[in-house]
Amino acid sequence: MSVLPAQLLPDNASVTADGRLQIAGVDILELAREFGTPLFVHDEDHIRARCRQAREAFPDGVAYASKAFLCRAIAELAHEEGMHIDVASGGEMHLALQAGVPADRLVLHGNNKSTAELRYALEQRVHRVVVDSFDELDRIEALVAEGLPAPRVLLRITPGVKANTHEFIQTGQDDSKFGFGVRVGHADRAIERAAASPAIELVGLHAHVGSQVFEVGSFEKVAEVLAGIFARFQAKTGPNARMEELCIGGGLGVAYVEGEADCGIVEWGQAVRRACAAAGISAKITAEPGRSIIASSAITLYTVGTIKDIPGVRTYVSVDGGMSDNPRPVLYGSGYETFLPRATDADRPKTIRLVGKHCESGDLLVREGLVPADIRVGDIISTPVTGAYGYSLGSNYNKVPRPAVVFVKDGQARQVIRRETWDDLLRLDC
Ligand SMILES: *Cc1c(COP(=O)(O)O)cnc(C)c1O
């Protein structure tokens with residue numbers, strides 16, 4: 001027997017007596033008919049529940065890392081739930097502001113913020129600018145010299161901790177484009193410089209070691225390294241330099257496939273805060289989860305277009321999306337489960353390779369997917385846990401229009417991003 005593990009579905013998923021999937025009381029096959037495919041379907045109350053867990057886990061403050069998935073509706077939702085919003089570009093900042101999120105709820109990140117992005121953030125007086133480099137300190141000082149208000153700053157520290165995750169999403173090791181390295185002495189130099197600069201209101205430090213990290217031990221190592229820095233600098237506070245906050249970043253891993261298990265946001269928060277306390281850090285502990293808020297709230301629906309059996313080799317199932325709506329399998333070799341929402345809890349004896357419609361063989365969604373034996377052309381097929389880094393990392397490759405995104409709650413569906421049209425694809429052409 002290999003049925004889909006039910007814990008990979010959103011919180012409010014249920015299966016009818018005849019096997020059909022519902023989320024928040026909404027029939028999923030009806031949604032596919034109404035909005036077309038590919039379609040992202042998010043369980044809204046699942047996202048809200050994760051935001052509440054995050055706030056409980058980090059009572060001193062927690063931001064939603066919007067790069068995981070950002071649109072007007074999710075910015076509004078995270079703000080309503082009392083989250084700050086972490087933005088990593090002028091575009092993300094603009095979208096959040098346009099969605100009505102006040103600037104003093106925004107945290108700006110980025111290893112290469114432009115002068116224009118910094119100017120926007122300073123003018124708007126965002127909650128925090130997380131400064132990543134000496135060149136950024138130069139740019140901020142120049143803007144403040146022009147008369148802009150001094151920002152409240154966290155310095156991004158690279159603690160020299162290599163998190164156990166894919167190389168492309170490790171960010172805490174010495175050899176990194178991000179932040180001020182501890183081992184090479186950049187961290188101390190940056191703190192001394194920021195503390196002495198009238199253009200900067202230093203409020204603390206930041207460290208983010210990577211994404212899709214399952215081992216709480218990585219966060220414990222960060223706490224130890226940062227504790228040393230806090231101990232050295234905590235006493236040196238002045239009117240413009242306080243060491244009152246440590247933001248531990250995001251990165252909590254989530255389960256994508258059978259056999260994986262994640263510890264959940266509440267336990268993560270407890271472990272992080274325990275590690276910081278044990279290391280002697282008395283600062284406020286804040287965090288920025290992205291994936292763990294949004295990943296498992298969504299499933300993607302596709303329509304099966306062709307099924308190609310190559311005897312003795314494998315069965316290819318091609319769908320109407322692909323690497324343009326979920327590039328994670330191509331980028332990181334990520335795995336997903338597959339199932340048919342018409343037979344959600346059916347046995348899945350057949351192994352297939354789920355591929356997209358793009359013009360390259362690398363366009364694969366699921367290398368080894370399991371499905372019921374009677375899968376046929378026209379079926380709706382789904383991949384769960386696709387709420388994070390799918391739509392946001394997507395593209396228009398092959399001029400394939402971006403999918404629609406729907407939120408379901410209390411038996412109702414609302415479209416939060418409409419499907420792109422072929423005409424939309426021409427809107428930037430001069
Ligand atoms: C990506 C990122 C996050 C969120 O990471 P998740 O793995 O999605 O939780 C938080 N902080 C920073 C600085 C990031 O770059």
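From the backbone N, Cα and C atoms, a Cβ is placed for every residue, glycine too.
According to TrEMBL, the domain 'Orn/DAP/Arg decarboxylase 2 N-terminal' annotation covers 45-295. Residues or ranges marked as N6-(pyridoxal phosphate)lysine by TrEMBL: LYS67. The pyridoxal 5'-phosphate binding site feature in TrEMBL is assigned to GLY251, GLU288, PRO289, GLY290, ARG291, TYR389. Taken from TrEMBL, the feature substrate binding site covers ARG291, ARG328, TYR332, GLU360, TYR389. What TrEMBL lists as domain 'Orn/DAP/Arg decarboxylase 2 C-terminal' is 296-385. The active site, proton donor feature in TrEMBL is assigned to CYS359.
Structural mapping of features recorded in TrEMBL.
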residue : record                              : Cβ neighbours (10 Å)
LYS67   : N6-(pyridoxal phosphate)lysine      : 21
GLU288  : pyridoxal 5'-phosphate binding site : 28
PRO289  : pyridoxal 5'-phosphate binding site : 31
GLY290  : pyridoxal 5'-phosphate binding site : 25
ARG291  : pyridoxal 5'-phosphate binding site : 25
ARG328  : substrate binding site              : 20
TYR332  : substrate binding site              : 16
CYS359  : active site, proton donor           : 8
GLU360  : substrate binding site              : 12
TYR389  : pyridoxal 5'-phosphate binding site : 24
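Among the recorded positions listed (GLY251, PRO289, GLY290, ARG291, CYS359), GLY251, PRO289, GLY290, ARG291 have a CB atom closer than 6 Å to some atom of ligand 1, in sequence order.
Within the set of recorded positions LYS67, ARG328, TYR332, CYS359, GLU360, the entry lying nearest in space to ARG291 (pyridoxal 5'-phosphate binding site) is LYS67 (CA atoms). For PRO289 (pyridoxal 5'-phosphate binding site), the nearest neighbour among the recorded positions LYS67, ARG328, TYR332, CYS359, GLU360, judged by Cα separation, is LYS67. Considering only the recorded positions GLY251, GLY290, CYS359, TYR389, the residues lying within 10 A of LYS67 (N6-(pyridoxal phosphate)lysine) on a C-alpha to C-alpha basis are GLY290, TYR389.
GLY251 (pyridoxal 5'-phosphate binding site) counts 29 other C-beta atoms within 10 Å of its own C-beta, drawing on all protein chains shown. Binding residues for pyridoxal 5'-phosphate (GLY251, GLU288, PRO289, GLY290, ARG291, TYR389) extend across at most 15 Å, taking the greatest CA-CA distance. In space, TYR389 is the closest of the recorded positions GLY251, CYS359, TYR389 to TYR332 (substrate binding site), judged by Cα positions.
According to its DSSP assignment, ARG328 (substrate binding site) is helical. For the pyridoxal 5'-phosphate site, the Cβ centre of GLY251, GLU288, PRO289, GLY290, ARG291, TYR389 serves as reference, and the other residues of the chain with Cβ at most 8 Å from it are ALA65, LYS67, ALA68, SER211, GLY250, LEU252, SER292, ILE293, ALA388. Taken together, the residues in the domain 'Orn/DAP/Arg decarboxylase 2 N-terminal' (45-295) have a mean pLDDT of 94 on the 0 to 100 scale. Nearest in space to ARG328 (substrate binding site), taking C-alpha to C-alpha distance over the recorded positions GLY251, GLU288, GLY290, CYS359, TYR389, is TYR389.
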